[in-house]
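Asks: My structure is below; once you've seen it, I'll send some questions.
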Amino acid sequence: MNEDKSNDIFIFPKWTGVLRPAVAVGALGGVLYAAVVVAFGFSPQATDVGYEPVQPVPYSHALHVGQLGMDCRYCHTGVEVAANALIPPSQTCMNCHKTVRANSEKLIPVFESYSTGMPVEWVRVHDLPDYVFFNHSAHVRRGVGCVSCHGRIDTMEIVSQQKPLSMGWCLDCHRNPEEHLRPADYVFQLDWVPEEDQLVLGARLREINDINPPQDCNTCHR
Amino acid sequence: MSTGNTTRSDRAALYGYLVAFDKVDELLVAAAAVRDAGYTRWDAHTPFVIHGLDVAMGVKKTVLPYIVFLAGLTGAAAGILLQWWTNAVDYPFLISGKPLFSLPANIPVAFETTILFAAISALVGMLALNGLPQLSHPLFSNRSFKRVTDDRFFISIEAQDPLFEVAKTRELLESVSDQPVEEIEELS
Amino acid sequence: MSTPVSYLDNTGDDPAVRARLVVGDNDFHSVTNTVCGIVEQPRPPKFWWVAFAASSSLTLVLFACIGYLVTTGIGVWGLQVPVGWGYAIVNFVFWVGIGHAGTLISAILFLLRQRWRTSINRFAEAMTIFAVVCAGIFPGIHVGRIWFAYWLFPIPNQMSMWPNFRSPLLWDVFAVGTYATVSLLFWYMGMIPDLASIRDRATTKLRFYIYGVLSLGWRSSNRHWHRFEFAYLLLASLATPLVLSVHSVVSFDFAVSIMPGWHTTIFPPYFVAGAIFSGFAMVVTLIIPTRKFFGLEEIITARHLENMAKIMLATGMMVGLAYSTEFFVAWYSGNTYEAFTFLNRAFGPYAWAYWTMVTCNVLVPQIFWFRKLRNKTIILWVASILINVGMWFERFVIVVSSLSRDYLPTSWGYYRPTAIDVLTFVGSFGLFFTLFLLFVRFLPMVGMAEVKGVMPQAHLDRPGHRGHGDYHGDIAGVEVV
């Protein structure tokens with residue numbers, strides 16, 4: 001008999017009595033923890049919102065759009081007619097900057113690009129995965145304002161991502177487009193506010209323009 | 001823990017008495033005797049299940065089956081609701097023209113969740129009703145009690161039992177076992 | 001042990017004789033000593049180290065193959081149109097099938113009051129869990145993008161997407177997931193009293209604390225045993241339909257599709273019988289060397305092996321019946337695609353796999369008709385390995401032969417696994433054996449509390465009782481309440 005080998009007897013100390021409530025609390029806490037992880041960890045808020053990369057040229061949308069009142073389409077020429085909104089070539093910048101601030105040090109990459117023909121290496125902010133097909137013209141032409149996906153670009157010194165751009169977020173709008181539809185005239189006016197209730201307006205526009213956003217897989221994953 | 005009994009000795013708090021048996025028959029006879037004496041806070045300790053012992057001890061049938069049944073129903077409901085809500089409500093998704101919610105297609109998963117909930121409740125319910133885990137217990141400080149998981153049978157009567165009397169209870173246990181009755185102290 | 005062999009022989013066909021399930025001069029204490037002694041050895045025996053070195057090396061091969069798959073892509077496997085399901089699903093079904101013996105022994109034989117289960121149920125349950133672990137790897141890695149494995153579960157996500165609950169592949173996730181969980185609970189719960197045995201015999205503080213915590217402070221109270229028994233009965237009753245459902249659902253993966261050779265209603269019972277068949281074969285393969293090396297011949301007796309051989313004979317013939325039924329239905333249905341598929345299986349490019357399957361699964365078990373042959377451990381052991389081989393080929397034949405000849409003859413092809421395919425499969429055996437070796441080293445591999453309950457000493461020592469044990473309230477002087 002092995003208990004004869006020593007005089008000590010092993011026992012657990014009395015404080016281990018806390019184990020039972022601890023297990024109960026731990027189990028409950030585990031469930032809560034899982035709920036929190038699911039609610040926040042997998043929610044759209046945990047995506048790339050707030051992404052604000054440093055650009056090679058400190059281009060300010062707040063200055064150009066907000067103060068000077070340039071139209072989005074002056075630079076992003078593809079937005080109404082093509083899938084891509086397009087980043088302007090340096091030529092577009094030089095239309096003005098040949099004379100305006102032609103000696104600015106901040107603009108050196110633009111001048112270099114203009115003279116060499118190599119594009120400025122802008123960092124893409126709103127970047128969808130490669131397996132997602134998004135068409136700007138399809139949305140813009142049907143009255144989805146720039147602001148719905150990009151936020152108030154006209155107030156941004158540095159462009160940052162304002163919306164999650166997650167699949168669930170896309171689907172929210174494809175299921176309830178009324179919340180984002182506006183008259184074609186105001187698509188590019190970022191600070192536009194509807195005079196009537198947005199849902200009433202949106203429903204009317206949806207009716208008039210026969211807007212039925214598809215939710216099939218192959219709408220976006222072609 | 002202090003016992004409110006009048007017959008308590010004034011030494012270190014007494015948890016109860018413990019007596020050992022070598023054979024199943026002796027244990028069964030002794031258990032029936034303790035049961036008939038009217039004790040309620042007592043127990044038999046055996047290395048394996050002895051099927052007549054529940055009768056001999058007068059153990060009431062556990063409520064565990066009802067708990068498991070309810071958990072199983074919950075699991076079935078959870079399985080059906082999950083499938084209905086995800087596939088027919090939250091993201092209605094048409095596949096090959098099949099109905100968004102149809103019971104036959106949802107039976108296998110509902111069956112599995114029923115079993116899962118019921119099985120977890122069987123283990124957790126058993127432990128909870130038994131008050132386990134409880135690593136520390138007065139009986140564990142007795143050396144001979146270590147053989148309860150090997151080849152020895154025991155009966156313990158707690159001092160908390162309303163019928164417990166130091167002399168009388170000892171007498172009862174001595175009458176049913178030829179082995180010495182041991183005093184078990186409360187944990188200090 | 002120098003006991004003569006005849007003394008250990010408790011096999012026999014006389015139904016009037018109740019065979020002793022523990023042979024030799026054993027009492028409760030010697031059973032505890034034998035089983036706990038294995039765990040209590042200061043270091044494992046030499047053969048354990050040899051086996052562990054081999055199996056853990058193979059496990060590394062498995063991990064290396066998975067790493068290569070994940071970093072490189074699914075192209076490292078031999079999958080190619082038209083065979084889009086290859087080794088991964090063959091191995092998955094193979095391992096899940098093996099994982100059926102444990103719950104069958106612990107649950108179904110429990111409900112059928114087959115007392116001989118007690119010596120082997122712990123062992124078989126452990127094997128079940130390890131087999132399910134091996135099985136679970138393959139669906140997880142089979143698309144090569146393991147970071148998307150969570151898509152299998154209904155977890156809220158940024159895509160707002162839910163799994164398609166009308167797909168048998170998702171039923172599989174729930175069936176195998178539930179099966180793994182319930183098997184684990186069942187295994188652990190049954191082990192609590194035995195872990196307490198090791199705790200109470202502990203000679204070192206470390207061992208006392210580890211097994212003490214694992215046994216949750218079990219103090220063998222009969223009031224606890226009462227609920228324990230009820231919980232065990234309930235788990236057994238729950239696990240019985242579960243074990244039958246798991247391989248049925250696995251078979252739905254095939255049967256719900258429209259491939260010739262897959263789209264048949266015979267699949268669920270056919271798969272379940274095959275699963276039990278292969279599971280018992282694996283138990284036998286493992287238990288014969290284990291009982292020999294660890295000196296458990298008196299607890300896991302010749303009788304136990306003989307019973308398992310009989311079950312293999314029965315399930316092997318069920319599987320054989322399913323094979324022939326498939327052919328019959330292919331002819332009787334008049335479906336030309338079905339008929340072509342089965343002729344192609346038996347005489348086409350995969351005939352070699354088909355006849356390996358038939359030989360191992362149908363012909364080999366026939367030797368168990370003969371008492372001399374089934375009671376010879378070495379023959380039984382070799383036969384069990386052949387059955388394992390045959391059952392792997394069964395899944396290979398089903399998956400590959402049907403897919404390689406689909407409806408479009410232009411896409412017909414011949415599936416060849418790559419070295420990575422083969423090494424991944426071999427590596428999964430490494431993981432299986434590694435887990436198994438750790439189990440026999442650190443956990444009580446025989447359910448001592450249950451074995452003691454079926455020993456003659458556990459029963460009333462009175463004439464007329466013949467040791468069937470239960471107390472019916474007929475002890476003199478004891479009144480039943």
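Using N, Cα and C of the backbone, Cβ positions are placed for all residues, glycine too.
Pulled these features from TrEMBL for this protein:
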{"type": "TRANSMEM", "residues": "C:47-69", "note": "transmembrane segment"}
{"type": "TRANSMEM", "residues": "C:89-112", "note": "transmembrane segment"}
{"type": "TRANSMEM", "residues": "C:124-148", "note": "transmembrane segment"}
{"type": "TRANSMEM", "residues": "C:168-189", "note": "transmembrane segment"}
{"type": "TRANSMEM", "residues": "C:230-250", "note": "transmembrane segment"}
{"type": "TRANSMEM", "residues": "C:270-290", "note": "transmembrane segment"}
{"type": "TRANSMEM", "residues": "C:311-332", "note": "transmembrane segment"}
{"type": "TRANSMEM", "residues": "C:352-371", "note": "transmembrane segment"}
{"type": "TRANSMEM", "residues": "C:378-398", "note": "transmembrane segment"}
{"type": "TRANSMEM", "residues": "C:418-440", "note": "transmembrane segment"}
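Help me see these features in their spatial surroundings.
Replies: Sequence-remote contacts of a segment are chain residues at least 6 beyond its ends whose Cβ falls under 8 Å from one of its Cβ atoms, and for the transmembrane segment (C:89-112) they are 120-121, 124-129, 131-132, 134-135, 138-139, 142, 176, 179, 182-183, 186-187, 190, 232-233, 235-237, 239-240, 242-243, 246-247, 250, 253, 271-272, 274-276, 278-280, 282-283, 388, 391-392, 395-396, 399-400, 424-425, 428, 432.
Residues 62, 66, 69-70, 73-74, 88-89, 91-96, 98-106, 172-173, 176, 179-180, 183-184, 186-187, 190, 279, 282-283, 286, 428-429, 431-432, 435-436, 439, 443, 445 of the same chain, all 6+ positions outside the transmembrane segment (C:124-148), place their C-beta atoms under 8 angstroms from a C-beta of that stretch.
Panel annotation: around the transmembrane segment (C:168-189), residues 96, 99, 102-103, 106-107, 122, 125-126, 128-129, 132-133, 135-136, 139, 152-153, 228, 231-232, 235-236, 238-239, 242-243, 245-246, 249-250, 252-253, 256 of the same chain, lying at least six beyond its termini, place a Cβ under 8 Å from a Cβ of the stretch.
Cβ atoms under 8 Å from those of the transmembrane segment (C:230-250) belong to residues 93, 96-97, 100, 103-104, 106-108, 110-111, 168, 171-172, 174-176, 178-179, 182-183, 185-186, 189-190, 268-269, 271-272, 274-275 of the same chain, restricted to positions at least 6 beyond its ends.
Remote same-chain residues near the transmembrane segment (C:311-332) are listed as 261, 264, 266, 269-270, 273-274, 276-277, 280-281, 284, 338-339, 341-342, 346, 358, 361-362, 364-366, 368-369, 374, 383-384, 387, 394 (criterion: CB distance under 8 Å, separation of at least six residues from the stretch ends).
The list of residues near the transmembrane segment (C:418-440) in space but at least 6 beyond its ends in sequence, with Cβ under 8 angstroms from a Cβ of it, reads 38, 48, 51-52, 54-66, 68-69, 76-78, 86-87, 91, 95, 126-127, 129-131, 133-134, 137-138, 286, 290, 294.
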